[in-house]
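Database features (Swiss-Prot):
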DNA_BIND  38-104  DNA-binding region
BINDING   SER244, ILE282, LEU283, ARG284, PHE285  hyperforin binding site
DOMAIN    143-430  domain 'NR LBD'
REGION    105-142  region 'Hinge'
MOTIF     63-89  motif 'Bipartite nuclear localization signal'
ZN_FING   38-58  zinc finger
ZN_FING   74-99  zinc finger
Amino acid sequence: MRPEERWNHVGLVQREEADSVLEEPINVDEEDGGLQICRVCGDKANGYHFNVMTCEGCKGFFRRAMKRNVRLRCPFRKGTCEITRKTRRQCQACRLRKCLESGMKKEMIMSDAAVEQRRALIKRKKREKIEAPPPGGQGLTEEQQALIQELMDAQMQTFDTTFSHFKDFRLPAVFHSDCELPEVLQASLLEDPATWSQIMKDSVPMKISVQLRGEDGSIWNYQPPSKSDGKEIIPLLPHLADVSTYMFKGVINFAKVISHFRELPIEDQISLLKGATFEMCILRFNTMFDTETGTWECGRLAYCFEDPNGGFQKLLLDPLMKFHCMLKKLQLREEEYVLMQAISLFSPDRPGVVQRSVVDQLQERFALTLKAYIECSRPYPAHRFLFLKIMAVLTELRSINAQQTQQLLRIQDTHPFATPLMQELFSSTDG
């Protein structure tokens, strides 16, 4: 064989097994004929390629040979080599001859431009599949859209995010830095340490600082005393009671706007509100929470939890702070917040609820609406677990509600601070 006629087959076989599938094969069921074999080499076939049932290797070989237009010669000068899985790389000329004899057609090979179009199409379909809603997600029904709209309207009417109507509230007796507590407050801190220890058990030591911004631009700060035995919260109790009562009234009005709530017997309305008001307020407060600073921005008022030993991370040991940070990380939308409030409100297992089955059906309706909203408005699969996370958060919120309420009741026994509305809501815990 002359040197110029020598056949160099390296370029045809070096990527044979790794050739990417650019032309999608026509898949063949193995029900009738059993295992399908390649018509060229006898290896396991994976579909029709260029008009013939072949394996991936022979498909790639034929495609490269035709596109490169290489002149192949049988190194054994016979042209009748047997092509099998083991021998298919030994004689490329006879392998190509076998491909053509089997019926593979050059005209069915896609051009480079067509290959690029196919590649782009495949990428686009994969992207659309990722962004598409999960199986079964059909979007929101008209009823679900109406439920969300009613909740959004109720939220807008009853949630004063700027606290513009929060007036005539009580402030700590000392509302500036570096000063001692008045004697009347100092005297109230002298009860038996063991009693106070029982009141504040299971709580993480922390201080609450308050900043009030005046309409004229002036700023007042309240910093609790330097000592950290837990009693520094006492001067703030009347003010915190006023803030809580203001939020409680907004939540109660929110419930009254919901038509399904108004249709319930008055006894069930009261029972549901007694059980859920605190939880719904926590959800509303979360929308105003800054995880980086641990601060709640409430219009002209700002509240900040401070670790007396320094460092914000330790505050995460407190269940309530940990909850707010965990919920904030979900980056929920307002629609999801109001649906969470509704799910919390319509809890059939609250003490005193009579029409439990009716309330249970309503809660399920709001839960399914939340699930449908997430499926049709959140990218899938990035948020495929968001609904489950939200339901887990609501379960955790029930536990926090019980813990915080019991602690407030213990404080109320020794340092009465609760408003009449708070006392009425707290009474539900005895059920």
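Every residue, even glycine, has its Cβ placed from backbone N, Cα and C.
Counting every protein chain shown, the number of other Cβ atoms lying within 10 Å of the Cβ of SER244 (hyperforin binding site) is 20. Annotation for ARG284 (hyperforin binding site): same-chain Cβ neighbours under 8 Å, separated by at least 6 residues, are PHE159, MET247, GLY250, VAL251, TYR337, GLN341.
Taken over all pairs of the listed hyperforin-binding residues (SER244, ILE282, LEU283, ARG284, PHE285), the Cα spread reaches a maximum of 13 Å, rounded to the nearest whole number. Listed in chain order, the residues near the hyperforin site other than SER244, ILE282, LEU283, ARG284, PHE285 are MET247, VAL251, PHE278, GLU279, MET280, CYS281, ASN286, each with its Cβ within 8 Å of the site Cβ centroid. Set side by side, the binding-site residues LEU283, PHE285 differ in how many other CB atoms lie within 10 angstroms of their CB, and the most is found at LEU283. Taking all protein chains in view, 20 other C-beta atoms sit within 10 angstroms of the C-beta of ILE282 (hyperforin binding site).
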